[in-house]
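**Q** Once you've had a glance at the structure underneath, I'll fire off some questions.
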Amino acid sequence: MAAGVAAWLPFARAAAIGWMPVANLPMPIAPTEKNKRQDELIILNVSGRRFQTWRNTLDRYPDTLLGSSEKEFFYNEETKEYFFDRDPDVFRSVLNFYRTGKLHYPRYECISSYDEELAFFGIVPEIIGDCCYEEYKDRKRENVERLMDDQEDNKDAKLPNMTFRETMWRAFENPHTSTMALVFYYVTGFFIAVSVITNVVETVPCGSAPNQKEVPCGERYTVAFFCMDTACVMIFTVEYLMRLYAAPNRYRFMRSVMSIIDVVAILPYYIGLVMTDNEDVSGAFVTLRVFRVFRIFKFSRHSQGLRILGYTLKSCASELGFLLFSLTMAIIIFATVMFYAEKGSSSSKFTSIPASFWYTIVTMTTLGYGDMVPKTIAGKIFGSICSLSGVLVIALPVPVIVSNFSRIYHQNQRADKRRAQKMQKARLARIRLSKTGSSNAFLHSKRNGLFNEALELTGNTEEEKCLSKSTSLIESQHHHLLHCLEKTTNHEFVDEQYYQQSYLEAGLQNYPSQSPSLSSQDGVTGTCCTRRSKKRHTPLPNASAPAHMQPLTHTHTHQQGLQELSTIHIQPLSTSRSSLNMRIDEPAPLNCQSSQITTAIISIPTPPVTTPEGDAHLPAGPTHQNVVKVSAL
Amino acid sequence: MEAKRVETVSARVDAAVSSTDSVEDELELSAVRHRPEGLEQLEAQTRFSRKELQILYRGFKNECPSGVVNEDTFKDIYAQFFPQGDASTYAHFLFNAFDTDHNGSVSFEDFVMGLSILLRGTVQEKLIWAFNLYDINKDGYITKEEMLDIMKAIYDMMGKCTYPVLKEETPRQHVEVFFQKMDKNKDGVVTIDEFIDCCQNDENIMRSMHLFENVL
């Protein structure tokens, strides 16, 4: 129940008078305020700044520090105020939460100090309103990340008892861990550079001997280049094998991008070794050499920026795809148009539509080589349209890609996003829990309430004190209201699961007589019992035990459940309801004593009085017996 | 002594609903604002003390800063007390019962008058109020259809998960029982005199009328 709405509770209760003439049963007694106080102002002194509010405002959230009796620990007798030695700025938000029911996160506050204050005052951060929740979560995530980074730096101290393999893997992944790793890192970097430069220089024409045409250096100094190549490939191979050995998950390593690049980089050499003698395929072999350029990609292990770029391109795949698609469309359109426009002119280079593709691409990207130019007027008109539109088509997706890059650069990694998603789920679950908490609270306190009434009737005061569970006055009034509704309609609020069960039974059974239902219950009992056993069983004591372990009791419940609507049986319900109640926090009634009191109420209109078969209904539960009270009207 | 002032700054046009209105309508300041009569007048008209009126107004204003409750807000507020069921139909009937001048909104005066009858009125007044609630079209008679509507609204508040399971005919049966009790001359409608007579003779109802007297 929201905070402000609590103020409307008197209205809701007054409106319940509308049900009275309709109801056929007597209404439960209203809860009375034991000590009715006029609402008073209380002063909260937070580090010198005084806040004042009504006591009722704070009582809206009884499970926080300010709403419960915990604040009495901070009461200062001389000044008659509550003194908190905390941050007054953050306290503003905390107090506004009580006033408006919404918790806001002030942006200028440090996230960890805010969290601490919330923890101190017993407020769960999940209830931050939607307006501020995203900001809060973002800041929190950044903070956690930063802490993790700090931790990782500390973690890099060598851990003892690492196998040689693990050490090697760590060395490969993070070169700063040891000097060996650093050396290895620089050596491989050097050799990658050497290899790339060799490949490049190989094709440069060196000075030629006179009367001979220019030859590239590769062919002049074949042996030298071959030795260089061999050395590089050997280093790369050794590196690859070492990584393969050290990898914790070899299969995954072999599938990773970097290892594929490694393999592609060294494969041409080996293939070349194998097939030097065959003339036909040596041509193919030459082209394989082009793959040696992939060695340059090995640098991405050394450069973080390169990795981010690669990642960006991968994540912008859809934008890139769109760019490509729109370009293709435009190219085809314009190529077709240009082809038909230039068809008339003689000696036109636009021999076919695919031939016009080249012109279109060169024009649209504003390159304009000039090897193909339109000669007809129509061709020139369309050519100019083509170049103008080219600028647009290319300019549009590019900012998207750029913004993606910067977003990813500043954004967290996928793992953190996943973690955030988990937190979102948890948050929704908690909010849902608090929402259902209100209806559960009613079912749960109904038991206590019944218990209370029965205790009052028996006059057993010690046990009354045992019921230490103090629901706030507002809550008890709310529950009284719901109770009145139950009496008006002659039906009870129950838990979802119990409802499904009784629905199931109601479908199976059509007659209220006892004996047939007993026999036919067996089948149903099975399901019910199994369903119950599936429920999480906290050490909810004896109350759940009988309903759970005693098919006899169970049967009894069901057969009574089939009676006509106008009869209410609280007795069977109390056993079942308690088993449905997942709350762990009710040791009170059950620890203190050993009798479970149930009440059966019989209504006027239906003659068949069902005497509560409580006598027969003796659960063999170890700790209690049933005492049944009948209150007739 | 403040004279009652209804400041209608401008009616706020909901942007989602009507798109044809000019921009100025939306820019004009939001809601209807309503200031209630002075405290003394309300004190005279109702049976609440000054302090009680203060408490009531604070709660009222908190939830409805504009000073009036419209039907949707009313339904929202009422629905929060009955999380398991659907309280909107009954809230609708309640709203009509509180909105005595039928202008579509409940002001603080309406609210407090209604509460005054319900919490501090005589049994007679309360019964008249209840009759008014049931008599949906305010013609002085409660017909079976009206009663059925009310009954269904009440049962709707229970929601789905009840024990025993709510059946279709339950409200109807309940209405039958009610009419058997109330309709003395068996003419199919319940008049206000029949209603009051019958209620006064019924112990349960009499007792329950005093139930909420210590509220507030």
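Each residue, glycine too, has its Cβ placed from N, Cα and C.
Per TrEMBL, compositional bias 'Polar residues' is recorded for A:512-530. For A:40-139, the entry in TrEMBL reads domain 'BTB'. As annotated by TrEMBL, region 'Disordered' applies to A:512-547. The annotation signal peptide is assigned in TrEMBL to A:1-16. Feature annotation from TrEMBL assigns transmembrane segment to A:221-241, A:253-275, A:320-341, A:353-369, A:381-402.
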**Q** The domain 'BTB' (A:40-139): mean pLDDT?
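**A** Across the domain 'BTB' (A:40-139), the average pLDDT comes out at 88.
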**Q** Determine which residues of the chain contact the transmembrane segment (A:320-341) at the Cβ level, with the cut-off under 8 Å and only residues 6 or more beyond its ends counted.
**A** 313, 350, 352-357, 359-361, 363-364, 374, 376, 378-379, 382-383, 385-386, 389-390, 393-394, 396-398, 401
**Q** At a C-beta cut-off of under 8 Å, are there same-chain residues at least 6 beyond the transmembrane segment (A:381-402) that contact it? List them, or none.
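**A** Non-local partners: 312, 316, 319-320, 322-323, 326-327, 330, 334, 337-338, 341, 359-360, 363-366, 368, 373-374.
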**Q** Same chain only, please: residues at least 6 beyond the ends of the transmembrane segment (A:353-369) with a C-beta under 8 Å from a C-beta of the stretch. Say none if there are none.
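**A** That would be 327, 330-332, 334-336, 338-339, 342, 383, 386-387, 389-391, 393-394.
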